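> The following feature annotations were taken from TrEMBL:
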type: DOMAIN; residues: 162-309; note: domain 'O-antigen ligase-related'
type: TRANSMEM; residues: 12-27; note: transmembrane segment
type: TRANSMEM; residues: 39-58; note: transmembrane segment
type: TRANSMEM; residues: 67-86; note: transmembrane segment
type: TRANSMEM; residues: 92-110; note: transmembrane segment
type: TRANSMEM; residues: 131-155; note: transmembrane segment
type: TRANSMEM; residues: 161-190; note: transmembrane segment
type: TRANSMEM; residues: 202-224; note: transmembrane segment
type: TRANSMEM; residues: 261-281; note: transmembrane segment
type: TRANSMEM; residues: 293-317; note: transmembrane segment
type: TRANSMEM; residues: 329-360; note: transmembrane segment
């Protein structure tokens with residue numbers, strides 16, 4: 001969520017003010033509907049269990065704000081389920097089109113105010129520009145959100161232009177994750193509402209798409225070897241996966257996962273996995289999470305609860321994955337779970353927002 005206010009170094013999130021406002025609206029309602037008793041129980045269980053773990057390991061790790069994100073997220077699900085005013089797919093897409101434009105303009109304005117960091121990034125061989133981003137999670141998360149939200153323009157004629165703008169931001173940030181999200185949205189544009197053609201057409205287009213990408217990719221790699229400009233540096237981030245600092249850092253973190261699980265089989269509490277990792281590896285990491293929601297939840301909540309969380313995701317993907325090109329909400333959730341292999345921590349606000357939307361949409365259909 002955008003972080004626009006910093007007071008004495010402390011972040012005051014706009015989303016918290018909005019959350020408080022909608023809570024007041026919710027209290028005024030005579031009837032408050034809960035999307036699912038099982039889901040309510042799951043949230044209560046996860047938050048209670050995480051609280052106990054954080055209490056046990058308080059001297060070592062303290063209480064992470066990730067725990068409060070889950071408490072906040074449960075409220076977001078209930079608020080969206082009760083108060084979200086739009087019911088049709090087109091209304092929802094129009095809503096997110098406005099969000100995309102606001103986010104894009106805010107990113108441009110924010111980056112213009114940090115020209116020194118951008119100049120330093122362009123002059124030196126840096127992986128990413130060192131920017132204070134509007135979206136929590138840095139330039140990768142910012143470019144991912146921008147790319148995925150492009151999907152809301154699927155009904156418009158400017159969808160490819162919007163996707164191009166998003167891709168330009170991802171390339172400028174040298175964000176591989178952002179480019180991947182743009183490619184996912186590209187496939188969504190191609191296959192949208194073509195459920196009956198997915199089997200044959202999907203295989204043909206994916207094959208051609210992959211061949212074209214490989215040809216372009218290897219052509220650009222050969223160009224990058226003979227050039228030292230910004231574009232070649234961006235291409236080299238793909239050609240040197242596993243060798244450059246970004247991927248080395250993640251692979252190094254993930255190499256400690258077996259030791260983490262054996263040391264803390266019952267978990268360390270939501271958001272404490274990186275602190276636990278540092279205590280074992282004695283290395284310093286600039287990251288705030290493990291960049292993999294599946295591993296993150298296993299380390300945070302322990303083997304049993306983490307696998308339960310992952311099983312719920314796989315259950316959703318098994319039953320709803322076939323509708324990824326038919327529903328904007330399903331696309332957002334499936335894309336989040338896919339990008340969760342290399343990004344995110346499992347407690348982002350927009351994840352809870354789309355959970356609420358999905359449950360509301362399902363309830364209206366029934």
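First residue shown is number 1, and so on along the chain.
Every residue gets a Cβ built from N, Cα and C, even glycine.
Show me how these features fit into the shown structure, please.
Long-range neighbours of the transmembrane segment (67-86) within the same chain, counting only residues 6 or more positions beyond its ends whose Cβ lies under 8 Å from a Cβ of the stretch, are 16, 19, 22-23, 25-26, 29, 32-35, 39-40, 43, 46-47, 50-51, 54, 92, 94-95, 269-271, 347-349, 351-353, 355-357, 359-360, 363.
Packing against the transmembrane segment (92-110) from elsewhere in the chain are residues 2, 86, 131-135, 142, 145-146, 149-150, 152-156, 162, 165-166, 169, 328-329, 357: each is 6 or more residues past its ends and has a CB under 8 Å from a CB in it.
The list of residues near the transmembrane segment (293-317) in space but at least 6 beyond its ends in sequence, with Cβ under 8 angstroms from a Cβ of it, reads 42, 46, 49-50, 53, 66, 254, 257, 260-261, 264-273, 276-277, 333-334, 337, 340-341, 344-346.
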> Take the C-beta pairs under 8 A between the transmembrane segment (131-155) and each of 39-58, 261-281, 329-360. Which stretch has the highest count?
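The stretch with the most close Cβ contacts to the transmembrane segment (131-155) is 329-360.
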